[in-house]
Amino acid sequence: MSDAVQTQSTPNAAFTPRVFSGIQPSGNLHLGNYLGALKRFADAQEQGIESIYCMVDLHAITVWQDPADLARATRELCAGFIAAGVDPEKSILFNQSQVPEHTQMAWIFNCVARMGWMQRMTQFKDKAGKNAQNASLGLFAYPALMAADILVYHATHVPVGEDQKQHLELTRDIATKFNHDYGVDFFPITEPVIEGAATRVMSFRDGTKKMSKSDPSDMSRINLTDDADAIAKKIRKAKTDPDPLPDSLEGLQDRPEAMNLVNIYAALADLTPEQVIAEHAGQQFGTFKPSLADLAVAKLSPISTEMSRLMQDQGEIDRILGRGAERAREIATPILQKTYDIVGMIRS
Ligand code: TRP
């Protein structure tokens, strides 16, 4: 798999390989989150590398969140991880706010990162929009908290989407400057593990835009809570072009909507896009879409059923998050303490 963690290519020979990733609990988990993150994480579990997955509730409140919705979205995200196959015994699953070491480390990094670095962050500019003066200070500082999420575990590999590349470069800059300023070799230089095109799921209305929970059209995405009828209907109505499927991937170059459906088929069936094309070459969408719908229903229905089952037992979800937080703290606490020692903070 292209996602495989290449332990030999890391410049961090002194650090045990460790994976960290975070997802914002902002509601409406969709097919893009499943194929781009949750399923990838579940598949990577078989590599046997210690993996830490965090529901970043502190990142979520950098823009306004209704408290009840935030709590619900956090539990739903946890249910989504488990339903997708991430085992909370093998991996560490928790919500960020239960491990205070993240924010403690973030403060140190606020004092390492430079204003100029932060001002270059394109996600802040996009999210703050024209009214940047009215954005929260947290939204501006967000990438320093993200660096803390990663480095408080000495994580060496971070699987993320393309849009997080710049934040990971900042994480590397922060680690490098800290190590340099304090004359230590303490933080690893984290490797981004960027998702491949085949797991980047695009909107059903516009094949050039990412599938997104904030698209006003519900027809643009498959939600992980959609039932079989909704899934089939959305695939049937997905935008396509009038041509049949080509017999090679090159034939999909300028057909983003067709490419998207082929990629989704491949990711759901654990095939390569080449294999899907080989199997379905020459088919019209009137034939291909029903096959894709059957496949999607077969793969996604058990997940949505399992999510709703888990969501009925809030106590169990909270217990899993609490246990995950405990295990996370066992790793984070000594790293934070060592950081404080390096910086010159007295611990009595
Ligand atoms: N910023 C990430 C996103 O919006 C979420 C995130 C927060 C994250 N902390 C992280 C991802 C640490 C990877 C590692 O997608």
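Cβ coordinates are placed from backbone N, Cα and C, and glycine is handled just like the others.
ATP is bound by Gln24, Pro25, Ser26, Gly32, Asn33, Gly161, Glu162, Asp163, Lys210, Met211, Ser212, Lys213, Ser214 in TrEMBL, and the record lists one more residue there from Val152, Val201, which is Val201. Its own atom aside, the Cβ of Lys213 (ATP binding site) has 15 Cβ atoms within 10 angstroms in the protein chains shown. Cβ neighbours of Val201 (ATP binding site) (same chain, under 8 Å, six or more residues apart in sequence): His30, Leu31, Gly32, Leu35, Gly36, Lys210, Met211, Asn260, Asn263, Ile264, Ala267.
Summarising the environment of Asp149 (L-tryptophan binding site), the number of other Cβ atoms within 10 Å of its Cβ, over all protein chains shown, is 28.
Within its own chain, the motif ''KMSKS' region' (210-214) is flanked in space by residues 26-32, 200-204, 220-222, which lie at least six positions past its ends and keep a Cβ under 8 Å from the stretch.
Averaged over the motif ''HIGH' region' (25-33), the predicted model reaches a pLDDT of 93. Comparing Lys213 (ATP binding site) with Asp149 (L-tryptophan binding site), their Cα atoms are 24 Å apart once rounded.
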